[in-house]
Amino acid sequence: MEIVSTGNETITEFVLLGFYDIPELHFLFFIVFTAVYVFIIIGNMLIIVAVVSSQRLHKPMYIFLANLSFLDILYTSAVMPKMLEGFLQEATISVAGCLLQFFIFGSLATAECLLLAVMAYDRYLAICYPLHYPLLMGPRRYMGLVVTTWLSGFVVDGLVVALVAQLRFCGPNHIDQFYCDFMLFVGLACSDPRVAQVTTLILSVFCLTIPFGLILTSYARIVVAVLRVPAGASRRRAFSTCSSHLAVVTTFYGTLMIFYVAPSAVHSQLLSKVFSLLYTVVTPLFNPVIYTMRNKEVHQALRKILCIKQTETLD
């Protein structure tokens, strides 16, 4: 595909190149990623329905988990439809549409960064201060944290989008990614994007490194607390759960940090797309499995839901 400049004319749309350099795999990719998208929606919807329908799951840990699942559904849905379109035909998106996609995806991803930190802190309180936990994480506290994470995401990315919206784009209009990636998007501006870039860098450092540091600190203290428990099945289960949670969290935060805090670390655009898949597709796919893997309460609620559905089908 030839990339051409449009000169000094203001462009009205962008072309998302996606995986344009391997057209022979487009149909296979379409099938695979459609299946993955369906699994993401179903897996996360089951978690939400289980938490809403089961009185036993009306606890902070599960309220946070349901919100995480909702975030995963929304921000994956902000990206994947255009990616799937690119496997079948040339995917175009208007400048306004690109701004909207970046705002929705960025806001939800920022909210997820903050929510993951809240979830780690919640587990720290539950494990290290079990007697005081009901007071430390009461209904007003955990609902306030949920609302704060959502609002913070939209406020932070709303500021960035307001700055980007002032830029002028006059070509080229090709984005070598499967979604409107911020760095590539503002890199195409023919007006000075430095204010938007510096602002994004500062906000990214704040919204990524601080929550990630809180997560690492929380899990470190959890590990110390677990080490005091006599060796046995419960201790092994706790370590297994912590390690699986950290694996998902590290993948999510690590790829975002590479993109928005140290973008020069990615020298290959193909590698950039692979990293993008990790936090746009892989993490939302595995979050429901990882966070409910050893949870009997969630398993019981899910079995109840599936049995009800099966009974209704038979009737």
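Cβ atoms are placed via backbone N, Cα and C, with glycine included.
Feature annotation from Swiss-Prot assigns disulfide bond to Cys98-Cys190. Under the three-state DSSP scheme, Cys190 (disulfide bond) falls in the coil class. Cys190 (disulfide bond) has a Cβ environment of 13 other Cβ atoms inside 10 Å.
Taken from Swiss-Prot, the feature N-linked glycosylation site applies to Asn8, supported by sequence analysis.
Sequence annotations record features per position, and here Swiss-Prot assigns topological domain 'Extracellular' to 1-27 (among others).
The predicted model assigns the topological domain 'Cytoplasmic' (49-56) a mean pLDDT of 89. Annotation source Swiss-Prot lists topological domain 'Cytoplasmic' at 49-56 (among others), citing sequence analysis.
Residues or ranges marked as topological domain 'Extracellular' by Swiss-Prot on the basis of sequence analysis: 78-100 (among others). Residues of the same chain lying 6 or more positions beyond the ends of the topological domain 'Extracellular' (78-100) and with a Cβ under 8 Å from any Cβ of it are 11-20, 26-27, 29-30, 33-34, 37, 108, 161, 164-165, 169, 175, 178-180, 185, 280-281.
What Swiss-Prot lists as topological domain 'Cytoplasmic' is 122-140 (among others). Sequence-distant neighbours of the topological domain 'Cytoplasmic' (122-140) (same chain, 6+ residues past either end, Cβ-Cβ under 8 Å): 60-61, 64, 218-219, 221-222, 225-226.
The DSSP breakdown of the topological domain 'Extracellular' (162-198) into helical (H, G, I), extended (E, B) and coil residues amounts to 14 helix, 4 strand, 19 coil. What Swiss-Prot lists as topological domain 'Extracellular' is 162-198 (among others), and the listing cites sequence analysis.
What Swiss-Prot records for 219-238 (among others) is topological domain 'Cytoplasmic', and it gives sequence analysis as the kind of evidence.
Positions annotated as topological domain 'Extracellular' by Swiss-Prot, on the basis of sequence analysis: 260-272 (among others).
What Swiss-Prot lists as topological domain 'Cytoplasmic' is 294-315 (among others).
Residues annotated as transmembrane segment in Swiss-Prot, with sequence analysis given as evidence: 28-48 (among others).
The transmembrane segment feature in Swiss-Prot is assigned to 57-77 (among others); the stated evidence is sequence analysis.
Per Swiss-Prot, the feature transmembrane segment maps to 101-121 (among others). Long-range contacts of the transmembrane segment (101-121) within the same chain: residues 61, 64-65, 67-68, 71-72, 74-75, 78-79, 82, 93, 145-146, 148-150, 152-154, 156-158, 160-161, 164, 179-180, 182, 185, 207-208, 210-212, 214-215, 218-219, 245, 249, 252-253, 256, 279-280, each at least 6 residues beyond the stretch ends and with a Cβ under 8 Å from a Cβ of the stretch.
The annotation transmembrane segment is assigned in Swiss-Prot to 141-161 (among others) on the grounds of sequence analysis. Counting residues 6+ beyond its ends, the transmembrane segment (141-161) has Cβ neighbours under 8 Å at 60, 63-64, 67, 99, 102-103, 106-112, 114-115, 118, 122, 182, 196, 199-200, 203, 207 in the same chain.
Listed by sequence, the residues of this chain that lie at least six past the ends of the transmembrane segment (199-218) yet keep a Cβ under 8 A from its Cβ atoms are 110, 113-114, 116-117, 120-121, 123-124, 156, 159-160, 163, 182, 246, 249, 253, 256-257, 260-261. According to Swiss-Prot, the transmembrane segment annotation covers 199-218 (among others).
Look at Swiss-Prot and you will find 239-259 (among others) tagged as transmembrane segment.
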Distal contacts, the topological domain 'Cytoplasmic' (49-56) - CB-CB under 8 A, six or more residues away: 62-63, 65-66, 297-298, 300-302, 304-305
Cβ packing number for Cys98 (disulfide bond), 10 Å threshold: 22
